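Okay, so here's the structure we're looking at.
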Amino acid sequence: MSLKSCLMWVLGEHDEPYRKARETILKLVGNTPLVRVKKCLPEDIPEDVEIWAKLESFNPGGSVKDRPALSMFLDALKRGLIKEGKVVIDATSGNTGIALAMVGAALGVPVELAMPANVSEERKKIIKAFGAKLYLTDPLEGTDGAILFVRELVQKYPEKYVYLDQYNNPANWKAHFYSTGIEIWNQTKGRITHFVAGIGTGGTIMGTGRRLKIYNPNIQVIGVQPAYPFHGIEGLKHIESSIKPGIFDETFLDRTIFVETEDAYYWARELAKKDAIFVGQSSGAALWACIQLARELAKKGEKGVIVTVFPDGGEKYLTTALFSDKD
């Protein structure tokens, strides 16, 4: 990009959603940029096998989870579940918690969250900054431990809490069905051939994938999971060894690619160094899956437009092993 073209973009030739004034921060959720990943890719990936990523860190809460958080809140309000004196509660690995805390602050609704104690310090501090109450659960139990903790609390105080239950709430995947999938189709002008996404609750891949399959049933929907039950890829679940999210249907996927923690970390760092895209480890996992897929297409002499989701930015992981001092 030339200096002139860069300045022209800054002066107003960028996309319409970023030019409009907004009455509330919540109206900035969605309509995130789609950017091509190129410079960090291995040399054996040809130009006609494209990899594109939705930069979900551009959401006001900093992650893809702003979409389902807002959707679940609005659904609960519409159904009359959130009333004066009620507290919204859920289990989270971090990003949904941040998003729920943000939405709660914007709407004036108190929020309580449970999450594993070993998540990054940044996530804990951001949640508290939004005014939410935080419970820390056994890190060895992962998000499953947080889920069980919340269930017990809700069972004990049913009149106090509105349990959004992101792992089983249809409003989660519908957020992507009515936003992310449409955005990707429009941004690629219908050229997308493969959609790749990490699996946590399953909301992103189920909602986006369902929408894309309506547009074009030939689009391949590919899930990304950690290779092992004990892993360091925050936000992703090893489904076989975890409490399976009720909204996730593995039979819907065309395939699943398993990623090791070290590869996820490596490619997250490469994205920052070479493409200037600063993301977390789940984005590194998604990219590594895309690279493996791109290599398969290249070997068969096929073209492709692979689109993935980079769930969040790297700011929340600066104190973790992801960005510890490495060359």
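Just so it is clear, glycine is given a Cβ too, placed from its N, Cα and C backbone atoms.
Keep in mind the model is a prediction, meaning the values are calculated, not measured.
According to Swiss-Prot:
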| type | residues | note |
| --- | --- | --- |
| MOD_RES | Lys65 | N6-(pyridoxal phosphate)lysine |
| BINDING | Asn95, Gly200, Thr201, Gly202, Gly203, Thr204, Ser282 | pyridoxal 5'-phosphate binding site |
Sorry to bug you, but what's the C-alpha spacing from the residue listed as 'N6-(pyridoxal phosphate)lysine' to Gly200 (pyridoxal 5'-phosphate binding site), rounded to the closest Å?
11
Cα distance, Lys65 (N6-(pyridoxal phosphate)lysine) to Asn95 (pyridoxal 5'-phosphate binding site), nearest Å?
6
Excluding Asn95, Gly200, Thr201, Gly202, Gly203, Thr204, Ser282 themselves, which residues in that chain have a Cβ inside 8 Å of the centre of the Cβ atoms defining the pyridoxal 5'-phosphate site?
Val64, Lys65, Pro68, Thr96, Ala197, Gly198, Ile199, Ile205, Gly235, Leu236, Pro311
Measuring Cα to Cα, how many angstrom lie between Thr204 (pyridoxal 5'-phosphate binding site) and the residue listed as 'N6-(pyridoxal phosphate)lysine'?
9
Under 8 Å by Cβ from Ser282 (pyridoxal 5'-phosphate binding site), same chain, sequence gap 6 or more:
Gly198, Gly200, Ile233, Glu234, Gly235, Leu236, Ala264, Pro311, Asp312
Pyridoxal 5'-phosphate binding residues Asn95, Gly200, Thr201, Gly202, Gly203, Thr204, Ser282: largest Cα-Cα distance, in Å and rounded to whole number:
15
Applying a 10 Å Cβ distance cut-off over all chains shown, what neighbour count does Gly202 (pyridoxal 5'-phosphate binding site) have?
27
For Thr201 (pyridoxal 5'-phosphate binding site), what is the tally of other C-beta atoms lying within 10 angstroms of its C-beta?
26
What is the separation, in Å, between the Cα atoms of Gly203 (pyridoxal 5'-phosphate binding site) and the residue listed as 'N6-(pyridoxal phosphate)lysine'?
9
With Cβ-Cβ distance below 8 Å and at least 6 positions apart along the chain, what are the contacts of Lys65 (N6-(pyridoxal phosphate)lysine)? List them in sequence order.
Asn95, Thr96, Ile98, Ala99, Pro311
Sparsest Cβ surroundings (other CB atoms within 10 Å) among the binding-site residues Gly200, Gly203:
Gly200
